[in-house]
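Working notes, beginning with the structure itself.
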Amino acid sequence: MSWRPQYRSSKFRNVYGKAASREHCFDGIPITKNVHDNHFCAVNARFLAIVTESAGGGSFLVIPLEQTGRIEPNYPKVCGHQGNVLDIKWNPFIENIIASCSEDTSVRIWEIPEGGLKRNMTEAVLELYGHSRRVGLVEWHPTTNNILFSAGYDYKVLIWNLDIGEPVKMIDCHTDVILCMSFNTDGSLLATTCKDKKLRVVEPRSGRVLQEASCKNHRVNRVVFLGSTKRLLTTGVSRWNTRQIALWDQEDLSMPLIEEEIDGLSGLLFPFYDADTHMLYLAGKGDGNIRYYEIGSEKPYLSYLMEFRSPAPQKGLGVMPKHGLDVSACEVFRFYKLITLKGLIEPISMIVPRRSETYQEDIYPMTPGTEPALTPDEWLSGVNRDPILMSLKEGYKKTSKIFKAPVREKKSVVVNGIDLLENVPPRTENEVGKGQEGTGHLLGAAWKATPLLVLPNRSAWAPPSPGTWSISL
């Protein structure tokens with residue numbers, strides 16, 4: 001029998017990336033030069049947050065999405081941390097609440113006022129202390145309100161109940177620095193990658209490790225749950241130092257289902273998965289391109305679609321939630337690309353080309369919305385519930401919610417019978433120096449914002465006519 005090529009029909013085979021024009025970008029932003037492997041960017045339907053370079057302490061900008069163009073150098077910042085900010089994440093259910101973590105060992109919760117910042121913000125709604133080393137990652141629970149996960153360089157994951165402002169659980173199964181955390185759809189499982197070259201699937205409430213993989217041929221860096229397919233995808237490095245992706249069954253991590261080499265570059269590969277379209281996006285740190293694939297339920301599981309190319313290298317990427325997309329333009333995904341060399345944030349829209357101008361229901365199924373499915377007490381008691389879905393057809397309706405911070409006194413933080421604050425290591429000389437510089441930085445920012453002199457109206461003055469000039473010797 002003669003060989004015939006295999007053709008796949010897919011509604012996403014012609015998806016293309018479209019970069020925004022310069023006037024719709026965010027320009028003049030001093031993006032952080034920190035080499036920590038995070039995105040340093042967080043986006044929701046109202047605000048864009050970017051970690052910035054600062055002389056002392058840590059700060060980040062919060063800009064309303066409609067305020068595109070050039071950002072003034074003295075634009076107000078969130079600058080309450082004493083160390084560099086390493087990660088920021090928006091609350092998925094309350095759009096003006098953002099969590100940040102820092103080298104100063106703290107996790108802080110900030111409430112952004114309506115319309116954005118008018119002055120520097122230094123007071124957080126909540127300051128959470130429980131880690132004894134710097135905190136590198138924060139993640140909100142996908143279905144429960146006010147449950148926050150933080151991973152520190154003390155090899156621990158703390159689960160915070162923000163209703164009481166305390167850590168309620170601790171996951172203490174890692175032997176090295178945690179590199180990445182990812183939840184499944186209902187938040188009942190947590191997948192982590194670690195510097196000890198192991199991939200773990202953990203039950204977060206008990207801290208019990210359900211599955212563990214020692215990746216000898218595939219050194220894992222990042223992991224993402226593939227929706228409700230009961231599969232995981234990891235990016236990492238092969239034994240020949242080539243970039244590689246691997247697909248895993250979450251119930252059996254003994255061997256990956258497939259491994260595929262991408263290229264020989266050295267930058268970290270960030271995976272992004274869209275559960276509505278079953279598309280996987282791969283973006284390398286320092287690369288200018290974004291590859292995208294379609295995930296199938298049968299072999300070969302992974303089908304390459306296309307690649308968005310750009311000459312400007314990306315430091316990190318923020319992702320817009322589904323309810324913030326432009327459905328009239330058939331936009332299925334939107335990145336916010338950090339270009340450090342230009343101080344630029346560039347939106348990149350992934351678009352399905354369609355001729356019809358009506359709502360395309362086949363590419364916009366019901367998607368997780370902005371209403372929590374559980375309260376913290378329900379989730380902590382063992383209840384699991386799928387996210388509450390919403391349709392994008394009617395457009396996103398903003399709901400005004402208020403975050404109430406608990407009033408509490410300073411005291412010891414005891415989790416699993418251990419006082420986490422009992423033996424906090426002293427700050428290094430470098431951290432002490434940065435803290436002192438941060439004070440001067442805040443004073444300098446306030447001084448710059450104070451008007452010192454009001455000049456008269458120069459337009460009223462005019463030079464004398466040429467006939468009136470005289471020179472006396």
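Note that Cβ sites are derived from N, Cα and C of the backbone, with glycine treated the same way.
Taken verbatim from TrEMBL:
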DOMAIN    5-69  domain 'DUF1899'
REPEAT    78-120  repeat 'WD'
REPEAT    128-170  repeat 'WD'
REPEAT    171-212  repeat 'WD'
Residues of the parent chain within Cβ reach of the repeat 'WD' (171-212), under 8 Å, 6 or more residues beyond its termini: 37, 136-137, 139, 141-144, 149, 151, 153, 155-159, 219-225, 227-228, 232, 234, 236, 248, 250-253, 275, 373, 379-380, 382, 384-387, 416
Summary of DSSP states over the domain 'DUF1899' (5-69), given as helix, strand and coil counts: 3 helix, 24 strand, 38 coil
Integer average pLDDT (0 to 100) for the domain 'DUF1899' (5-69): 89
For the repeat 'WD' (128-170), sequence-distant contacts whose Cβ falls under 8 Å of one of its Cβ atoms, 6 or more beyond its ends: 36, 38, 83, 86-94, 99-109, 176-178, 180-181, 183, 185-187, 190, 192, 204-205, 207, 368, 372-380, 385-387, 403, 405-406, 408, 413, 415-416, 418, 420-421, 423-425
The repeat 'WD' (171-212) - residue tally per DSSP class, helix then strand then coil: 0 helix, 23 strand, 19 coil
Three-state composition of the repeat 'WD' (78-120), taking helix and strand from DSSP: 0 helix, 22 strand, 21 coil
Counts by DSSP class (helix H/G/I, strand E/B, coil) across the repeat 'WD' (128-170): 0 helix, 25 strand, 18 coil
